[in-house]
Structure formats: C-alpha cells, structure tokens
C-alpha cells in the first residue's frame, strides 16, 4: 500500500525537512499542507512554487496532493458574509492553480463549520453554490478536487458518508471526489467501510490515524482504540490502490521526524507482508 507523509507536522521546520524525511524514512509520496510558512497558496504564487517543485525533483518525492488550509483560519467558505465567502473561494481557486503547477494529484478541501444558527437549507444551498463554482474551475484546468468529511467536533456540514453522497448528488462533477479520514466515522460509530460501499470509485484517498473515539485528536497508529489491523485487511481486500496519508498534524510537531518514522513503521506492521 502506498503511503504519504503530511507536511503539517513539520510546520516549525523548513519544508525541505519534510521532503528529506519522507524520502529517507521510506514514504512513497508527500501531501503538502497549504499553510504558512511552507506552502500558503499566495506565497507559492509569489514565487515559492519554485522551491516546492525543486524539492520534489531533488528528493524524487511525488506530490500526491495539495491541501490548502480551509477550516476557518482565516478561510472558511461556509461561514461569514459574501465578501468572506468570495475571498475563501478565490483562495481555493488559487490553491487549485498551485496544485496544478506543482503536479499534485489532487486539491483537497473541506466544508468547515457553517455556524450554530445557520439552518440546513442555507448550509446545503451555500455548499452547492461553492462546490459548483469550484468544480467548474477545476474542470477547466484539469484538476481533481477532493472533499474531505470532517468530524462533528470540526464541522456541521459534511461529516459522514451520507453527507458526501448528498454533496456529490448536488454537484455531479467528473472532477469532484471524496475520501475518508478514518477518525471521522470512528468517532460517530459509523463503519469506515461504509464509505467504500457508498462512494465506490468516488472514494479517492485515505487519511490513516488512530483515534480515542471521543475527539478529533489524531494519534499515531497504536496509540488509540481503533482495530487498525483488521480495518487495513478489509481495505486491502476491497482492492483499494490509492495512497494512504499517515496524517500526523500538530500533536507531534515537537519531533516530527521521529514520530513520522514511528508512525510509518507501526502502520506497515499492520499490513500483510506483501503490502508493506
């Protein structure tokens, strides 16, 4: 199974450390977090994209995806007035451009919290409008867009497989896909494999973590409560051939290399020998 490193955990170090560690530790690809100081889309547009492309070449590390920060700090396409919405969409479009230029496999976004007082019809109307515009843009430049479901601790919009199905039905674009961060279904008592059953070939990517079942905290495999060995067997048996990003975020960023090594070793130990 192909593995990806998420660069978010390296944000207090130069981004070259993330590429170097991904290469030396044996990851198969890298998922670029689009936040400062590493790969914020406007900074890439201003010239930083050259460094990202050079690092990918130097370390022979495929960029499997680009994940701009869209969960509300400061960009959230689901909350705020029209000026805020417009600014968020413009940033995501720029991120799609930068993903294309760095030869990323996809641009990954999420629908962050829409606010406690927003009624469902307004939430879904706004989501449909946003996704329609973004998908049209992605179609025009030839970039796949992945919508990530979040946990209920993070959002009240797209949080489970049925929400994803609703979003895909609202915007039936050939460039729109989804994925599963396995923490999200686990904390909601939703079977992870239901995503495979419901989404079929629209399931494009995986984020692998462990979970305590009661928060959105992302743990290294083996530190939580998930039956990961059994889950990975089912995923492999289902014929999944995409990347699995071991998504360490901010919990381990004091020693990102050490934990990235530990996470990869533990993850591969969960797999049958011919899949490691």
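Cβ from N, Cα, C; glycine included.
Taken straight from Swiss-Prot:
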- 148: active site, proton donor/acceptor (ACT_SITE)
- 148, 181, 207, 247: divalent metal cation binding site (BINDING)
- 247: active site, proton donor/acceptor (ACT_SITE)
Other residues with Cβ within 8 Å of the Cβ centroid of 148, 181, 207, 247 at the divalent metal cation site?
179, 180, 182, 183, 184, 205, 206, 209, 245
At a 10 Å cut-off from the C-beta of residue 181 (divalent metal cation binding site), count the other C-beta atoms across all protein chains.
23
